[in-house]
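Enquirer: First, the structure itself, so that you have it in front of you.
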């Protein structure tokens, strides 16, 4: 990771944090009525019967986040072809660690929440916000070796793959087979353009990807799946910076960290304290998310990394101390934007959403703070 990209990740993390803080301030000020317009102003896209009519909040969650998952898909494709995921030996341990880091928070959440009304939130504490995590890693500078950062990114990639699968399988509320079939045809068209006709014009995939996204929204499947599958269809050429996948990934990166994620954070992190008592911190859904993110994530990921290192099944782990592995396991508990996103998909009750937001913010802050402390002050030999 070059110096300029490190600066981008650092600045992006600070902007993301500032956007979330601003949302909370605005939603608890005289400007709260303007913040509420995110859910009252509707925007239409389409013609005649082919129309998507959603409020601004949904456009952010269904539109901008689809672009974010397009970017994630491009990253994953690159890593599979030429990066760390291209070698099986490099991915087994991070993949298992990511799965454990998904399962443990979910089990903790379910052990605390038995009410059928809130069980649907089991996946909320299972996510990792890679943007925030990279921002903290950038703050730590040379205290975190490049290989250790790569391990965090690899775990986060598998976490993202799991999140996409969870959203597609568990948070699809209704299904139109006709729209889904049409969306699939546009995906197939992109594959044909790539594999058979060898078309390298990015605009072709942008247009076909847009129609795939449109059909996916109309089908009831969440639009992020269209963004991810579109990315997998876009041509990638090794050592060719001008190939569509490389070009789009490089072009999207600043938009993701400086605009899309901050806008998402601002739109979804605005906790309103009006009518909320301190007791909301001790509600089962809030506690399930806090303990899932702060305890479940670190327990699931660190236990796998430490055990595999001890058994010498994790060669890369031999370069790191257990404290370093524990520090990054803590950082993976920063769920923030991804956890908020799943929370919005799972519930629409205002009180539950406020409890979710508080749980996500507290759990993420605890994970980020203690992860930073461990890696910055407790680890004595970062080399």
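Cβ from N, Cα, C; glycine included.
For reference, Swiss-Prot lists these features for the protein:
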type	residues	note
TRANSMEM	10-30	transmembrane segment
TRANSMEM	56-76	transmembrane segment
TRANSMEM	91-111	transmembrane segment
TRANSMEM	121-141	transmembrane segment
TRANSMEM	150-170	transmembrane segment
TRANSMEM	174-194	transmembrane segment
TRANSMEM	206-226	transmembrane segment
TRANSMEM	254-274	transmembrane segment
TRANSMEM	289-308	transmembrane segment
TRANSMEM	327-347	transmembrane segment
TRANSMEM	355-375	transmembrane segment
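What's the neighbourhood like for these features in this structure?
Expert: Sequence-distant contacts of the transmembrane segment (10-30) (same chain, at least 6 residues past either end, Cβ-Cβ under 8 Å): 131-132, 134-136, 138-139, 257-258, 261-263, 265-274, 336-337, 361.
Tertiary neighbourhood of the transmembrane segment (56-76): same-chain residues 37-39, 41-43, 85, 157, 160-161, 164, 209, 213, 217, 222-232, 234, 245, 248-249, 252-253, 255-256, 260-261, 263-264, 267-268, 341, 344-345, selected by CB-CB distance under 8 Å and a gap of 6+ residues from either end.
Residues 84-85, 119, 121-126, 128, 151, 154-156, 158-159, 162, 288-289, 291-293, 295-297, 299-301, 303-305, 308, 313-314, 316-317, 329, 332 of the same chain, all 6+ positions outside the transmembrane segment (91-111), place their C-beta atoms under 8 angstroms from a C-beta of that stretch.
For the transmembrane segment (121-141), the residues of the chain that approach it from at least six positions outside its boundaries are 6-7, 9-10, 12-14, 16-17, 101-103, 105-106, 108-110, 113, 149, 152-153, 155-156, 159-160, 162-163, 166, 170-171, 256-257, 261, 285, 288-289, 291-293, 296-297, 331-339, 341-343, 346-347, 352, 356, 359-360, 363-364, 368, 371-372, 375-376, judged by C-beta separation under 8 angstroms.
Tertiary proximity for the transmembrane segment (150-170) is limited to same-chain residues at least six positions away from its ends with a CB under 8 Å from its CB atoms, namely 69, 72, 75-76, 79, 84-85, 90-91, 94-95, 97-99, 101-102, 120, 123, 126-128, 130, 133-134, 137, 221-222, 224-225, 228, 301, 316, 320, 328, 331-332, 338, 342, 345.
If you look at the transmembrane segment (289-308), the same-chain residues 6 or more away from its ends with a CB under 8 A from one of its CBs are 93, 96-98, 100-109, 112, 121, 124-126, 128, 155, 314, 317, 322, 325-326, 328-330, 332-335, 339, 356, 359-360, 362-364, 366-367, 370.
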Enquirer: For the transmembrane segment (206-226), find every same-chain residue at least 6 residues outside the stretch whose CB is under 8 Å from a CB in it, and list them.
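Expert: Same-chain contacts beyond the flanks: 45-46, 50, 52, 62-63, 65-66, 68-70, 164, 167-168, 171-180, 182-183, 186-187, 189-190, 193, 233, 345.
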